[in-house]
Amino acid sequence: MGRFAAALVGSLFWLGLLLCGLGSLASAEPRAPPNRIAIVGAGIGGTSSAYYLRKKFGKDVKIDVFEREEVGGRLATLKVQGHDYEAGGSVIHPLNLHMKRFVKELGLSSVPASGGLVGVYNGKSLVFEESSWFVINVIKLVWRYGFQSLRMHMWVEDLLDKFMRIYRYQSHDYAFSSVEKLMHAIGGDDYVRLLNQTLRENLKKAGFSETFLNEMIAPVMKVNYGQSTDINAFVGAVSLTAADSNLWAVEGGNKIVCSGLLQASSSNLISGSVMSIEEKTRTKQTGNPTKMYEVVYKTGSETHSDFYDIVLVAAPLNRKMSNITFRNFDPPIEEFNDPYQQLVTTFIKGELNSTLFSSRPKDQFGLSAILVTDDSDMFINSLSIVASVRQKEGPPPAVDGMHVWKTFSRDILTKEQISKLFLSYDYAVRKPWLSYPHYEPPQKCPSIILHDRLYYLNGIEFAASCMEMSAIAGYNAALLAYHRWNGNEDMIDQDDLYERLKTEL
């Protein structure tokens, strides 16, 4: 999704991020590891936590990963005429260090994100058209917006410079018991405050114009999160990090990272739906009673249950998505009613009706992606030419003027709407889903620790939802479970980490 933002503002946004190594480090003398760990959800959060739990607890613990659909979760592909296309999380930043590490350690290959020129449409005309010449783009941006793009770069760079501290903290095995404490350790009160104000409010206070917000910032939010500049300021900044010309994806589909992590962690995949989780007292072979979690799940028409020492929930607990019942907890596990945003991804092979966007003859229309402003009356969030997950060189040349186009929209496109977009088309294949949280500051992130040894990863999505954030959450949950199991309280919620670690190489 972030590919469009890259083409749009990459001319002036260069995001320098701090690189940190991800080595293994010594810790306190651990007690005997748990016998069994359950992970609910086989997306990037669940599979990355399995990967790191295996590294921390060793080879003897049994790890079961439950998935009711396909491994990969919202890193999904859609098969169109025999070719697979990214329908969910599509691109990866060159300095997303966890994803970069996974690809390297799993022996996978990367492909560059689809290229091409981008335009911004306001419902009447193109208010910005990217040129293939860098200098011309700079002139266009400065002429229309002054130096606001440069100022925007500086704002985002400052936020991300702090955010990249998380890699150093995690490389030293530090964990956090809440999303807010993680955010505070990264950037203090100012960082946490980003969750409690809208992106528009933040940028207006910083002096950015309505024109710049409407034409440059809002379209990026719309394509990346299907929402407006009223999202929280932190997820807005994350969205703008897609302004990089070196975005990439995993050859064969980003979801194969998840299956690779499952295999690397020697986890047992259980294809079924978790129905309930309940704490119960069990008697071990030694005769000592111990608290464990009974996980009840359904495979096909059969219901089963197993007991686990530790449970990690790596799937949204919104009732429309997971529908897991937490039985007999005292106090009760909190309810999760925060809404998720509906998104419809549609792949259409057709000849674009370029006159809808420009009066230029179609043979002179060179845009490969179109973003739309908030004030347009368009029924789509974006439109772009895409390549399949196995096409290393990008989208193939047009055949009879036809490309495979990918659209994002809030609702399913009607035949009339598709016919308005395309002069002719061969097919339209769609996938509707609840893709990411609906952001509405002030943002309260769900708890990570639901019970003594019951953890929830997806609360981090309410700060920002993307592949790398899920991988960070997976690593954090694994470290948190490990340290709490072994009583390493000095490795949790340490606020002075930046000062303590900044002098280390």
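Using N, Cα and C of the backbone, Cβ positions are placed for all residues, glycine too.
For N196 (N-linked glycosylation site), the same-chain residues lying six or more positions away in sequence with a CB closer than 8 A to its CB are N232, P441, P442, Q443. According to its DSSP assignment, N196 (N-linked glycosylation site) is helical. Here Swiss-Prot flags N196 (among others) as N-linked glycosylation site, drawing on experimental evidence.
In three-state terms derived from DSSP, N323 (N-linked glycosylation site) belongs to neither a helical nor a strand segment and is classed as coil. In sequence order, M275 constitute the residues six or more apart from N323 (N-linked glycosylation site) in its chain with CB-CB distances below 8 Å. What Swiss-Prot lists as N-linked glycosylation site is N323 (among others), and the listing cites sequence analysis.
As annotated by Swiss-Prot, N-linked glycosylation site applies to N353 (among others), with the evidence given as experimental evidence. The number of other Cβ atoms within 10 Å of the Cβ belonging to N353 (N-linked glycosylation site), over all protein chains shown, comes to 15.
Annotation source Swiss-Prot lists signal peptide at 1-28, citing sequence analysis.
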